[in-house]
Amino acid sequence: MWALRRTSSSLKLQGLRLATSRAGCVKLETICGQLEVNTNTFETPSAAYTTSLFHRSATMSSKLSTGMRGLSSQVGTETSSSSEDDIDDAFSELEGPEVSTDAVQDKKNTFEGNEDELVSDPDLSDDDFMEESSHDTLGLSDTEADPTEKLLTRKKLTSELFNAIVKDPNSSIEDVLRKWVEEGKELGKQEVTAAILSCRKRRMFGRALQLSEWLEKKDEFDFVERDYASRVDLIAKVRGLQSAEKYIDKIPKSFRGEVIYRTFLANCVTASNLKKAEEVFNKMRDLNFELTAFTCNQLLLLYKRLDRKKIADVLLLMEKQNVKPTPFTYKLLIDTKGQANDLTGMEVIAETMKAEGLVPDLTTRAIMVGHYVSGGLREKAESILKEMEAGDLKENRWVCRVLLPLYASLGKSDEVARVWEICKASPRLEECVSAIEAYGKLKQIEQAEAVFDKMEQKYKKLSSKHYSTLLKVYANNKMLSKGKDLVRRMGENGCRVGPLTWDAMVKLYVEAGEVEKADSMLQKAVQQNKMKPMFNSYITIMDQYSKRGDVHNAEKMFVRMRQSGYMARMRQFQSLLQAYVNAKVPAYGIRERMKADNIFPNKALAAQLSRVDAFRRTAVSDLLD
């Protein structure tokens, strides 16, 4: 029996024998950099153990963990950037992110529209990585003998059954399927599963859940572990963690394996529910499930958001249990170094990754470019961009969508125009979206609008995701009138407005200085649609109230976030406390509120707390007393 104990956490890292040693603690601090390791709260490794810890042939893991200050909020395993088929099977919310990635607690809402229907990852900055965790990563993919036949069959049938569902949005799933059978079409498990995958891809989680429930009711179809795990995921997304946990208890024990619990763990992490996530992890360890990179990455994601001191624990656990870092683990650590502005360390990790026989993929190199740009190292950023092009872009079209916004971040309008010219004749949706984003960064609004018009002409029926790209361009350039016109255009074209569009509209109003309008718009949208806004929508408005020192409205937003199902996190408390600081009034009972939500203040939050402490004593107060 091994244990790594913390007084402030319920996390049990069972099986690891670590002897307390001051020498070991010093070495561990060297390895883990800014990650604090406190010998008063848990046992630390012996000097001999830490000397070898994370030191493989090229001292690989010590390089990974040195100087860690934060992680990208997306966790998962590697997927091919060039493969669109992989994305078809993706869990668009599970990894996270940041793909955030916050299940709606205790709400039985059913979301039945396009990809705008349920956007729940709290960290918008990580949305680009939300698609990296696939069904295959979770072990939920189909297992027919012939993968090629399976893929072809899926592609053939998905559009047919899925389109039947989309074309009849007002009918129940039972009615759609009944009509399907009456038309003489075959309705087997494979067809329904393919439709579920298509619903997932388009974030129609409510419809996907209804299909899964229908499938389980049919006795002629055998439910296996991956089917149960898929249901757990869908319930967590649509009805909340508590409902998903209750469903797990109903799953037959023979099917209640590791994939069930790691699916639930991923949703707990997406919801930033620290207590429940640690509880699930402990349960998995108690059940003696094999520790996987997926599970460890989920913990890294969780602690990046809520308690970065514990990241060192996870890295130690991975080494002791011989869990090799995945390509995505390297990607996280590279992003971490970049966020800490430790660009030299970022390069070391990239070189270490290569030494391990892993080639940084397109998104990993894109992350490095972004951090080079932020750090002012333009030449290094341009060098990587040229590597990413790797020859003739006409033969590597899939790279264009990544290059466009990156060249724009360097202010290279000529390069953006050059890449877009390659795509212009027959642009793909993703390329259009990237081009709009790129021209928006360059503040070339007319060009962005021209790309949007071209996209609209070619693809006719656009989703709210595509409209929101241009809407964000308007918001970033404080073009309120054009933004409103675009939203009206969405309605006229039958595009359903949901959380993604609301978020862009919130930013549009806030950038125009109309915070109250953003607040009322969001509240009205929620009341009319019974859908959950994005975390960022709430926090954007809350931050504005905090800047004003408007405690009343900041508290109101805090309550509304909780009512929407967002667990209290340090980010909300930071914004709330800033409202009290700017208002120059004490925050009575705030420490107790944080304790009740298992929020332990970091240095910055502690400084805010000291400024709003009603009982803080100063030199002046002592004189007055």
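Numbers run from 1 along the shown chain.
Here the Cβ of each residue, glycine as well, is placed from N, Cα and C on the backbone.
Predicted automatically and left uncurated, TrEMBL annotations should be read as such.
Per TrEMBL, these features apply:
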- 65-76: compositional bias 'Polar residues' (COMPBIAS)
- 83-96: compositional bias 'Acidic residues' (COMPBIAS)
- 113-131: compositional bias 'Acidic residues' (COMPBIAS)
- 436-554: domain 'PROP1-like PPR' (DOMAIN)
- 65-147: region 'Disordered' (REGION)
- 463-497: repeat 'PPR' (REPEAT)
- 498-533: repeat 'PPR' (REPEAT)
- 534-568: repeat 'PPR' (REPEAT)
**Summary of DSSP states over the repeat 'PPR' (498-533), given as helix, strand and coil counts** = 28 helix, 0 strand, 8 coil
**Fill in**
For the repeat 'PPR' (463-497), the DSSP helix/strand/coil residue counts are 26 helix, 0 strand, 9 coil
**Asked** For the repeat 'PPR' (534-568), what are the DSSP-based totals of helix, strand and coil residues?
**Response** 27 helix, 0 strand, 8 coil
